[in-house]
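Database features, via TrEMBL:
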BINDING   His159, Asp183, His185, Asp187, Asp268, Asp270  Mn(2+) binding site
Amino acid sequence: MGGVAAGTRWIHHVRRLSAAKVSADALERGQSRVIDASLTLIRERAKLKAELLRALGGVKASACLLGVPLGHNSSFLQGPAFAPPRIREAIWCGSTNSSTEEGKELNDPRVLTDVGDVPIQEIRDCGVEDDRLMIVVSESVKTVMEEDPLRPLVLGGDHSISYPVVRAVSEKLGGPVDILHLDAHPDIYDAFEGNIYSHASSFARIMEGGYARRLLQVGIRSITKEGREQGKRFGVEQYEMRTFSKDREKLESLKLGEGVKGVYISVDVDCLDPAFAPGVSHIEPGGLSFRDVLNILHNLQGNVVAGDVVEFNPQRDTVDGMTAMVAAKLVRELTAKISK
């Protein structure tokens, strides 16, 4: 948490300077230079990776990792900001091989590539507020999508990142997507604790923006009256864990994406029972097993165009990195759904 705390102190210092001596134009120009440099690095890495894939040939879609280490919109702990490097480390851990369960090889760049992280803390360090920061995240995702055959697979970060990512995917593809959202919580508050960008409000922003036609929420077991009312308001299909045994057959034979631009999958690691994934900020017993999740993902029919894995908190993980390995396997199996 030291880096986050130091960054917060610097932001307050920038604001004091701004109020005292620094002109708004000067601050804006400096922030723009940092943002432009950040987008340029992602753009050039994406361009290089895509050029190599096109030269190799034989690939229609390659999952492309993009880290968004953002944690400050969490209502409890900010540890998810440290997740992307831990997930990458676990993906390539020598304790397992590079094959997905369906037989795709992750060490084949036509299956999986990586363009690094959006430097969230460095941008916030310059005093950039969330309105603009969310645009930066969206533009970063669009930058990846501009380079065919790359398809964004985003590593969070807290769940607030799903809003700018889905917005970018929908805008870039020219229409709404269907979303499969696996989570203990619906994350559909209008503005949790007054924060419209809260990780508990991301899907309210997505539905308000018209970026999704269907939103299916699976694994829900911590939902308030507002969560249910918001679900009804937006026509969300909410599948709670208390009825999972009844819903299982339907959820393991989903067909999504027909008539829209494709399917987006958002996996909050706390959809899993904490017995399988203790390293999360919001521990909520009674969740899905890891095999439940894989059965839903493996059997899903539809063109998966993008996805995210969010809310892994390394600061609450076991000493041996159990949840990091769980998050990594989720990424591996999503890679298999995206790559073609």
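Glycine is treated like the rest: Cβ placed from N, Cα and C.
Close to Asp270 (Mn(2+) binding site) in the fold, though at least 6 residues off in sequence, lie Asp183, Ala184, His185, Ala277, Val280, Ser281, His282, Ile283, Glu284, Gly287, Glu311, each with a CB less than 8 Å from its CB.
Of all the binding-site residues listed (Asp183, Asp187, Asp268), Asp187 sits in the most crowded Cβ setting, with the most other Cβ atoms within 10 Å. Close to the recorded Mn(2+) site, the chain also has His181, Ala184, Pro186, His199, Ala200, Cys271, His282, Val310, Glu311: residues not among His159, Asp183, His185, Asp187, Asp268, Asp270 whose Cβ is within 8 Å of the site's Cβ mean position. With a cut-off of 8 Å between CB atoms and residues at least 6 apart in sequence, the same chain places Asp183, Asp187, His199, Ala200, Ser202, Ser266, Asp268, Val310, Glu311 near His159 (Mn(2+) binding site), listed in sequence order. Cβ neighbour count for His185 (Mn(2+) binding site) (all protein chains, 10 Å cutoff from its Cβ): 25.
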